[in-house]
Amino acid sequence: MSLPGVGYGQVLSTTIVTTYYASLMATTLRYLFDSFQSILPWAVCVGYGQLFSVTALITYYSSLMALIARYMIDSFMNPLPWAHCRSEWQPNCIDSVAGSASPNDSSSNRTLTSSSELYFTKVVLKELDGIDDGIGLPDLRLTLFLVLSWSLVFLTLIKGVKSSGKASYFLALFPYVVMTVLLVRACTLPGALDGIVYFLKPQWDKIYDPKVWYAAVTQCFFSLSICFGNIIMYSSYNKFRHNVYRDATIVTSIDTFTSLLAGCTIFGILGHLAHVTGKTDVGNVVKSDAGLAFISYPEAIAKFEVLPQAFSVLFFLMLFVLGIGSNVAMTSCVMTVIKDQFPRVRNWQAATIIAICGVLLGSIYVTPGGQYVLKLVDYYGASSIALVLAIAELIAIGWVYGVDRLCKDTEFMLGHRPNLYWRLCWRWITPLLMFVILIYNLVTLEPLMYKQYVYPTVAYGIGWCIFAFGPLQLPIWAAYAVYKQSGKSLNEKIKNAFKPTAAWGPIDPATHYEYKKFIDED
C-alpha cells in the first residue's frame with residue numbers, strides 16, 4: 001500500500017488511529033451480532049454483498065501466492081536468479097548484488113534498471129506493455145504454482161473448521177518466528193535504523209489529507225478482514241456469552257503489533273538497501289504494490305554477503321504461509337454460504353468446487369497482462385465495495401436495529417451496558433467517518449493507472465460494472481427479503497423486514513426465554 005507523496009509513517013499513524021476509532025467498533029459489532037441466530041431480514045443484502053467482495057478478492061489472492069511460491073523455489077538457487085543481469089537485458093541493466101553501482105549513477109547518461117526488477121517483469125510475469133491487444137495466455141509455471149496453492153487450501157479445508165482450526169496454530173505462529181529472525185538480521189545491517197525511522201516517522205503535514213485516511217481505512221479492512229465475512233464465519237462458533245469486547249480488543253491490538261513488527265522488519269532491510277546503493281532517501285528504493293515484495297525486498301536480500309538464499313527462502317516461506325492462512329479464512333466464508341444454502345453438500349465437495357473455480361479464475365492473473373487485471377479488480381471489486389458495505393452495515397445496526405437495543409443486548413450478554421463512548425462511535429463517529437472518506441474518494445477519483453499505463457475506456461466500464469455489482473446486492477436482496485415477509489400489505493411486509501424476527505436471540509431455548517424477558521422489562 002502506498003500513495004504518491006505520502007510517507008509510510010503517515011499511513012501507519014493514521015492506520016493505528018483508524019484501528020482503534022473505527023475498526024475496533026466495527027469488529028466488536030461483528031463479534032457481537034454473530035453470536036445471535038438472526039437479526040434484520042433485509043440485512044441479508046449486506047451479507048451477499050460481502051460474499052461478492054470476498055470472492056473477487058479470492059480470485060486474485062491465489063495468483064499472488066503463485067508468485068510467492070515461484071520466488072520461494074527460486075530462492076534455493078545459487079546465485080539468486082535475480083541477482084545478476086542477463087545478456088539480453090544489457091546495456092541498461094545493473095546487477096542487484098552487493099558492490100553494484102546505483103541505477104541512478106550520475107556517471108551514466110542512460111537509465112539503468114536493477115536485475116531484480118527486470119527478473120520480475122520479464123522472466124516471472126513476462127509482462128506486456130499494455131492490454132489493448134489482450135492479456136495473453138497463462139504462464140505454465142505460474143499456473144502449476146497456482147494449482148499447488150489451491151491444493152494446500154483444499155487440503156486444509158477438506159475436514160471443515162476442525163482441520164482449518166488445527167492448521168491455524170502453524171499458519172498463525174510460524175510467521176512471527178520468521179519475522180523475528182529477519183528483524184534480528186536487519187538490525188545488524190548498516191542503514192537499517194534509517195529504514196525503520198522512515199517507516200515510523202509521520203509526515204504531520206499530511207494528517208489532513210483524506211487520501212491518507214482512505215489508505216488507512218482500506219489497510220484496516222484488509223488486515224482485520226472487516227466486511228469480507230471472515231469474522232462472521234469464525235465468530236458464529238462463539239458461545240452466546242462469550243466476551244466479544246475482549247476478543248475485539250485483543251485482535252485489533254495484535255494486528256497493530258504485527259503491522260509494526262512486519263514494517264520494522266521489511267523497512268530495516270530496505271534501509272540497508274538504500275545505504276549500500278548510496279541513496280539518502282529510503283523512499284527511493286521502495287516500490288509500490290507488488291513491487292515491494294517482488295522487487296525491492298529481493299534486491300535487498302541479493303546484496304546480503306552472508307546466506308542470501310537462506311534469508312530469501314525464509315522471507316518467501318513466511319509470505320506463503322501467511323497467504324495460505326488468509327486464503328483459508330476467506331475461502332471458508334464461501335464454503336459456509338454454500339453449506340448453509342445446500343446442507344447436503346459435504347465439506348470435500350464444496351472445497352473441490354471452490355478450488356477448481358479458484359484455479360480457473362486465478363489463471364487470468366498469471367497471464368502476461370494479469371497484473372493489469374489484478375489492479376482493476378482490486379480497486380473496483382474489493383477496496384471500494386468494502387467501504388460501501390461497511391457503511392450499510394453500520395446503518396443497519398446503529399440506526400435500523402438501534403443503538404439502544406444493541407446496548408441492551410450487550411448488557412444481557414456481557415453483564416454490563418456499553419458506555420457513552422461506544423454508543424457515540426456506533427451511531428455517529430464511525431458511520432460518519434466512513435461516509436466522508438467514501439464521498440471524498442469518489443469526488444477526487446482519478447483515472448486508474450498501472451505504472452504509466454492508462455487503462456482503455458472499456459476497462460473502466462468493466463471496473464465500474466464490478467463495483468456496481470457489489471452495492472447492487474443491497475436493494476436486490478432487501479427487496480427480496482421484503483417480498484418473502486408475511487403480511488397483507490406492502491407496508492406491513494416492509495415493517496416486518498426491518499425489525500428482528502421472532503426467532504431473534506440466543507439459540508438455546510432457556511437462554512432465549514431469559515433474553516425475551518429481559519428485553520420486555522423496559
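These residue numbers are counts, starting from 1, taken along the chain as shown.
Glycine is no exception: its Cβ is also placed from the backbone N, Cα and C atoms.
The transmembrane segment annotation in TrEMBL covers 12-33 (among others).
The transmembrane segment annotation in TrEMBL covers 45-73 (among others).
Annotation comment: TrEMBL describes Cys85-Cys93 as disulfide bond. DSSP classifies Cys85 (disulfide bond) as coil under the three-state reduction.
Look at TrEMBL and you will find 140-158 (among others) tagged as transmembrane segment. Counting residues 6+ beyond its ends, the transmembrane segment (140-158) has Cβ neighbours under 8 Å at 62-63, 65-67, 69-70, 124, 164, 167, 323-324, 327-328, 331-332, 335, 347-348, 351-352, 354-355, 358-359, 362-363, 366 in the same chain.
Annotation comment: TrEMBL describes 170-192 (among others) as transmembrane segment.
Annotation comment: TrEMBL describes 212-233 (among others) as transmembrane segment.
Within the same chain, residues at least six positions away from Ser326 (Na(+) binding site) with a Cβ under 8 Å of its Cβ are Tyr61. Sequence annotations record features per position, and here TrEMBL assigns Na(+) binding site to Ser223, Leu322, Ser326.
The transmembrane segment annotation in TrEMBL covers 254-274 (among others).
The transmembrane segment annotation in TrEMBL covers 313-338 (among others). Same-chain neighbours of the transmembrane segment (313-338): 50-51, 54-55, 57-58, 61-62, 64-65, 68-69, 71-72, 75-76, 149, 152-153, 156-157, 160-161, 164, 167-168, 170-172, 174-175, 178-179, 181-182, 225, 228-230, 232-234, 236, 293, 297, 301, 345, 347, 350-351, 353-354, 358, counting only residues six or more beyond its ends whose CB sits under 8 Å from a CB of the stretch.
Annotation comment: TrEMBL describes 350-367 (among others) as transmembrane segment.
Marked as transmembrane segment by TrEMBL: 379-403 (among others). Sequence-remote contacts of a segment are chain residues at least 6 beyond its ends whose Cβ falls under 8 Å from one of its Cβ atoms, and for the transmembrane segment (379-403) they are 26, 29, 33, 39-40, 42-43, 45-46, 49-50, 52-53, 56-57, 217-218, 221-222, 226-228, 423, 426-427, 430-431, 434-435, 437-438, 441, 448, 463-464, 466-467, 470-471, 474, 498, 500.
The transmembrane segment annotation in TrEMBL covers 424-443 (among others).
Residues or ranges marked as transmembrane segment in TrEMBL: 458-483 (among others). Beyond its flanks by at least six residues, the transmembrane segment (458-483) meets 41-42, 44-46, 48-49, 52-53, 56, 131, 372, 376-377, 379-381, 384-385, 388-389, 392, 447-448, 490, 493-494, 497 of its own chain at Cβ-Cβ distances under 8 Å.
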Listed in sequence order, residues not in Ser223, Leu322, Ser326 with Cβ within 8 Å of the centre of the Na(+) site Cβ atoms: Phe222, Gly323, Gly325
Rounded Cα-Cα span from Ser223 (Na(+) binding site) to Cys93 (disulfide bond), Å: 36
The transmembrane segment (212-233) touching the transmembrane segment (45-73) per 3+ Cβ pairs under 8 Å rule: yes
Neighbour tally for Ser223 (Na(+) binding site), based on other Cβ positions within 10 Å of its Cβ: 18
Pairwise Cα distance for Leu322 (Na(+) binding site)/Cys85 (disulfide bond) [Å, integer]: 31
Neighbourhood of Cys85 (disulfide bond), C-beta criterion under 8 angstroms, separation at least six: Cys93, Ile94, Asp95, Ser115, Leu118
Cβ-Cβ neighbours of Leu322 (Na(+) binding site) (radius 10 Å): 20
